[in-house]
């Protein structure tokens, strides 16, 4: 026994894990954007571990039909597919696989090729099918043996089938997973339509009804409603109360009366009322037209939502899940339950497949039996949070009783997409809490010079979809204007402060806290909401604006790669921003994540030092790659990653070394990374963060109220609202000081550095992957205590 333990704990060489094993990958059910990223990662990581990888074309139908449908994949065969929507290897609805003889045929095809690992990318139906297939595997082998289709030797070699699932479904209807592959891209399509229709509807003062996909799940409808500030949303999980027709008409009339030129209503295709009757676009349209005689237009989105390029998030999700899927297959034993790989927050997790399926079925059952509150809970944390934020912002009118509290809101640092969404929700939640909300223009300068004005509910209407900063923002820090700032805080009677911005917001917040000793006026609760494309706020894994910048870079890389279609071999060197205006911001987040999303060969960043040997290795690596059928190379470089190895230097190096094999082009992306319409993620994230911050301040103000005034000077009354792994938490500014490399304006610990090996493996480097941190299996079904 001692000897066995020794063997187990010896470090595994990841490049040998798959030797002698074969993996098949198939996509099944409805297609979803990002499936190709998952297929590509599964193939490349499989090959990296030494395994053979097979494509199964046309889903389960191809598995049953065999022959040419099951083909060995090569490294090059998944090149240039990352940016394509749908699934390149095809998907089909399959009747044959539902019969036992169909499954026996499929088993026979796998046994003949020695494939005992199956990776299925699809919806809950496809994954349930895979599990069934695995459970009756030995029975199927017996049938094949009896019929003389396979030999005893073959049966012994393939005695057990491992399966792992990845959920590809635009509805996000699978329980246990935060986001399924394709959901984010579908939201991108929907928001493009909403933004486009909004402009025409506003011109004419119309009401507009949009039906989005989601027969049993209202996720797309709910997030769309949050992200575009809709007046009403109908989802299957939460039918509207009795008498909703009158309520809806009152809401629309009220919105018009405060000067809104448009009304937006979002409907999930599966929306029902309390009696289980469908609520359709037409029913709502007739109601609004008859009762209010508003000019009303309805649009049913349909298959547009499945189409188009996958978003950056879906590509990274697919790629990370592909890596995890291969690891889960190669580490599986006959005793481990079939699992689904997924992301929770920014962590890769493995979940028992059947538990997820069970909970997913329980939601449908709860809905059928009218237990709606429970259905929303079963959908998971992310769904519940969205629903609660929506309810907060939508279904209420301002209270008559005022709190006599004034809360000021400001933007600091460089503008980024999503700032306005955070400002809007903070102001509206504040008004609903009975506070007076003040807008500070132009950052700390505005606070010092008194550029402060009261905000109304209507003033921030339509802000979620606007890029940049409507309040105006500056990089100046407060330390040299502390005197003026404290005078204005007293003059405008400001009781609490919300600072939305980048690294300067963090540093500025710290300066205000330090100055509390001298200036009593600064002893007020304050909260910093991270909003910067660089994603470099200490303590926080994500910041508002980074997702939009990432999509801008990814789309641009796609276009740049495509520009060379039809020409000879070409390598592109692309410079990304690491931090605006400042000469010393080094954060390599954008370069790394865009590298994953656009399929880069290398991403040079400050956090991972590189020298002449690394550059030499990279150039040689590309030369080797370009001798195959691969025609494109993509190199990303963070603008501040190295003072001497500049973009020009790297461009010259690759140009010289690539002579006769490939030519080079360089692009500096510049300020376009800061612009653009906010992505659905940033709108939604900004909305939730703004709301959370103000609700927290309301509680803090109650704690700090003494002898008729507010006094806050404890560390926990000045916090950053951070996203950590899976949760948002309020962390004192003073605690985060330790985790800051102020000179380079980056946190000392950064979670995304762990993704860099994946980037390299997908670019065909034989590096060692740290497999010690693989995700452990987690339970979805909470152990129900005995009552």
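Any Cβ shown, glycine's included, is placed from N, Cα and C.
Caution: TrEMBL annotation is automatic and unverified by curators.
What TrEMBL records for this protein:
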| type | residues | note |
| --- | --- | --- |
| ACT_SITE | 171 | active site, proton acceptor |
| BINDING | 30, 93, 94, 123, 124, 125, 126 | ATP binding site |
| BINDING | 124 | Mg(2+) binding site |
| BINDING | 169, 170, 171, 206, 213, 214, 215, 269, 297, 303, 304, 305, 306 | substrate binding site |
| BINDING | 475, 532-536, 570, 577-579, 639, 665, 671-674, 745 | beta-D-fructose 2,6-bisphosphate binding site |
| DOMAIN | 23-328 | domain 'Phosphofructokinase' |
| DOMAIN | 406-696 | domain 'Phosphofructokinase' |
| REGION | 1-395 | region 'N-terminal catalytic PFK domain 1' |
| REGION | 406-787 | region 'C-terminal regulatory PFK domain 2' |
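Structure with TrEMBL features highlighted.
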residue: 93; record: ATP binding site; Cβ contacts under 8 Å, 6 or more apart: 29, 59
residue: 126; record: ATP binding site; Cβ contacts under 8 Å, 6 or more apart: 28, 29, 59, 60, 120, 165
residue: 169; record: substrate binding site; Cβ contacts under 8 Å, 6 or more apart: 29, 30, 32, 122, 123, 124, 180, 181, 182, 183
residue: 171; record: active site, proton acceptor; Cβ contacts under 8 Å, 6 or more apart: 180, 183, 213, 214, 215, 216, 217, 219, 220
residue: 570; record: beta-D-fructose 2,6-bisphosphate binding site; Cβ contacts under 8 Å, 6 or more apart: 564, 631, 632, 633, 662, 663, 664, 665
Residue 475 (beta-D-fructose 2,6-bisphosphate binding site) to residue 304 (substrate binding site): how many Å between their Cα atoms?
41
Between the Cα atoms of residue 94 (ATP binding site) and residue 304 (substrate binding site), find the distance and write it as a whole number of Å.
24
Using all protein chains in view, find how many other C-beta atoms are within 10 Å of the C-beta of residue 674 (beta-D-fructose 2,6-bisphosphate binding site).
22
Express in Å, rounded to the nearest integer, the largest CA to CA distance found among the substrate-binding residues 169, 170, 171, 206, 213, 214, 215, 269, 297, 303, 304, 305, 306 named in the record.
33
Where residue 297 (substrate binding site) and residue 674 (beta-D-fructose 2,6-bisphosphate binding site) are concerned, what is their Cα separation in Å, rounded?
34
Using the CB centroid of 30, 93, 94, 123, 124, 125, 126 as the ATP site centre, which other residues of the same chain sit with their CB within 8 A?
28, 29, 122, 129
Pairwise Cα distance maximum in Å, ATP-binding residues per record: 30, 93, 94, 123, 124, 125, 126:
15
Between 215, 297, 306, 475, 671, which of the binding-site residues has the fewest other CB atoms within 10 angstroms in the structure shown?
671
Could you tell me the C-alpha distance between residue 671 (beta-D-fructose 2,6-bisphosphate binding site) and residue 304 (substrate binding site) in angstrom, no decimals?
31
Roughly how many Å lie between the Cα atoms of residue 306 (substrate binding site) and residue 125 (ATP binding site), rounded to a whole value?
18
Rounding to whole Å, the Cα atoms of residue 534 (beta-D-fructose 2,6-bisphosphate binding site) and residue 304 (substrate binding site) are apart by 32
May I ask for the distance between residue 674 (beta-D-fructose 2,6-bisphosphate binding site) and residue 125 (ATP binding site), taken between their Cα atoms and rounded to an integer number of Å?
41
Rounded distance in angstrom between the Cα atoms of residue 304 (substrate binding site) and residue 125 (ATP binding site):
22
